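Asker: Right, I'll just put the structure down here and ask away after.
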Amino acid sequence: MMLIRVLANLLILQLSYAQKSSELVIGGDECNINEHRSLVVLFNSSGALCGGTLINQEYVLTAAHCDMPNMQILLGVHSASVLNDDEQARDPEEKYFCLSSNNDTKWDKDIMLIRLNRPVNNSVHIAPLTLPSSPPRLGAICRIMGWGAITSPNETYPDASQCANINILRYSLCQAVYRGMPAQSRIVCAGILRGGKGSCKGDSGGPLICNAQLQGIVSAGGDPCAQPRVPVLYIRVFDYTDWIQSIIEGNRTVTCPP
């Protein structure tokens, strides 16, 4: 418990001095303390900050660009200043990346699977999230959450995790905003067309949850965040479920989808 308190104190510092290269939830509200049992926070003492999702007792899914030296992983956290009795701390044992020589890699290979150094115990505030059984539906209302900035471009960070609802949008809308996006990729385009809500700095690697399934991983967005008609790019988890399950089942040499 003392280790968790020390790590929580480091997290408070991260939320005060978070790097400006990650992503956050703008326009959200404080999450219900029981609605983000799968949400994890990744950070280190150098100022890196990301989210992630617990998908079983030993594995966390996040964005590849969230890789950092001396990574610490906290689970069961709601508030940086108020400790939950069931918070748990873990270190990464192994990290798996979806490497590719494809020129479009930056658009659809931003995924990292982390095996924890020891299994997590399910508790009141900790439980894994289900992987998707099908891709997200266009127009679906989905949930984002994290400890990312709540203002942009002058970032301020919350004490407690923030949640917001956004919509699955047409891929062509993101393609029109982000120059160089290919005609097709393993990206989910999501946000609010009028702006005002969205993932932002500090939320990278965190979940896009639709119908209680992990459909996306926060990858990239606009700057400033949550601008009208500037959606956020989420890695489409459904396309990687075979890769993820193969690694969990012990196949460490499995290749990513092309």
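For all residues, glycine too, the Cβ spot is worked out from N, Cα and C.
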Asker: Of Asn121, Asn154, which one does Swiss-Prot label N-linked glycosylation site?
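Answerer: In Swiss-Prot, Asn154 carries the N-linked glycosylation site label; others show none in the record.
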Asker: For the domain 'Peptidase S1' (25-249), would you mind checking the mean pLDDT of the predicted model?
Answerer: 92
Asker: Quick check for the class: what is the C-alpha distance, in angstrom and rounded, between Cys98 (disulfide bond) and Ser204 (active site, charge relay system)?
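Answerer: Cα-Cα distance, Cys98 (disulfide bond) to Ser204 (active site, charge relay system): 17 Å.
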Asker: Quick check: of the recorded positions listed here (Cys31, Cys66, Cys174, Asn251, Cys256), which one has the Cα closest to that of Cys210 (disulfide bond)?
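Answerer: Ranked by Cα distance from Cys210 (disulfide bond), first place goes to Cys31.
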Asker: Which ones in the same chain are close to Cys189 (disulfide bond), with CB under 8 Å and 6+ residues apart in sequence?
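Answerer: The answer is Ile168, Leu169, Arg170, Tyr171, Leu173, Cys174, Pro231, Val232, Leu233, Tyr234.
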Asker: Restricting to the recorded positions Cys50, His65, Cys66, Cys142, Cys163, Cys256, which ones have a CA within 10 Å of the CA of Ser204 (active site, charge relay system)?
Answerer: Cys50, His65, Cys66
